[in-house]
Amino acid sequence: MTLRKWQRVVLIVLDGVGVGGQPDASAYGDQGASTLPHVAERCGGLKLPTLEKLGLGRIVPIAGVDAVAEPSALYGRMLERSKGKDTTTGHWELAGLVQGEPFASYPKGFPDEIIDAFAGLAGVRPLGNIAASGTEILKQLGMEHLQTGRPIVYTSVDSVFQIAAHEEVMSCEALYALCEGMRKVLDRYRVGRVIARPFVGTSAENFERTSGRRDFAMPPQGDTLLNDMQNAGMTVLGVGKISDIFAGQGISRALKSTDNADGMRKTREALAQIERGLVFTNLVDFDMLYGHRLDALGFGRALEEFDAWLGGFLADFRDSDLLIITADHGCDPTTPGTDHTRESVPLLVWSPALVCGQDLGVRESFSDAAATIADLFDLEIRTGQSFMDRLL
């Protein structure tokens, strides 16, 4: 297949679906983490026939998933070169932007100068200002929030400033405006994301976060593959929280999603809407609903639901289309703690035109995905090593 024939690429990020600790995992406290294999083991095996045919079982041993003799996709693993294990860092590297300096994190709470700035915008000082699980902090502070109207601020070991507010106390629009204000404040502190966390409910027993979550990311500190594709006249559609992660930069149009099912549906719609360009999708439920909440069984069900959808989605592809399935970090629900884990990520690359699968080995950077897409469309490779020659 010649270079000019490639027309559409779909890049799907299974948020949090790592496949084993990186060599430096112990430096992040993540020795022994291996999200996908551990989820499969905890579930007593997974039924992933479509991913199995593509070659998933040849990347790492996964209970219930065979290492087929003749996989239909290129397969391998990618290591993260950037410092960190957060969503923004992982996605930026997938788009060709490697960070030498990690985002700042505040696991012991934010300093007074940041909280003072928040109070100036909100009109009140926040509750919380601690590192906590999103569901647990609602149990702890949700009722006080209802009584006082003070927003809840919390963080984690990742570079996030999260603001939770009940939808009857603060409208989503007001919460988003507050987050936008804090985004401007926090750029100079290198906080990766400000996250709006609206919730509903009447007591600690039934408080529940809604699908109104919004991420306000620090803008990428340089151009990415997305900018290059746009500048070359191609369409870049961001499904799920992709546009938020890139602060809208390089995104032709955003298709927000409420959950994995909606994200998968919109990915299929997006592919039908473009003739030349990229559909970049994030499916967040693996991480948000199951990894952080230590729900391995729910994680496994979500993977099986994705696999069932994927089988039908592949029928939409033309010979000139390419599919890349990967992840941005790990989020192992079987290890202590509720945070992300520093892991390698799976790499599956498929097209109807691909004659047979091959082993891509262990790639040295997530940016190899961006390098390959750039190579397919005859764009400059900013960083990473293209594996386009393996597609010909």
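Yeah, the Cβs are placed from backbone N, Cα and C, and that goes for glycine too.
Among the candidates HIS166, HIS340, the residue that Swiss-Prot names alongside ASP287, HIS292 for the Mn(2+) 2 site is HIS340. For ASP15 (Mn(2+) 1 binding site), applying a Cβ distance below 8 Å and a minimum sequence separation of six or more within one chain yields THR87, ASN282, LEU283, VAL284, ASP285, PHE286, ASP287, MET288, ALA327, ASP328, CYS331. Counting every protein chain shown, 27 other Cβ atoms lie within 10 Å of the Cβ of ASP287 (Mn(2+) 2 binding site).
In the three-state DSSP reading, ASP287 (Mn(2+) 2 binding site) counts as helix. HIS340 (Mn(2+) 2 binding site) sits 7 Å from HIS329 (Mn(2+) 1 binding site), taking the CA atoms of both as reference points. Taking the C-alpha positions, the distance from HIS329 (Mn(2+) 1 binding site) to HIS292 (Mn(2+) 2 binding site) comes to 13 Å.
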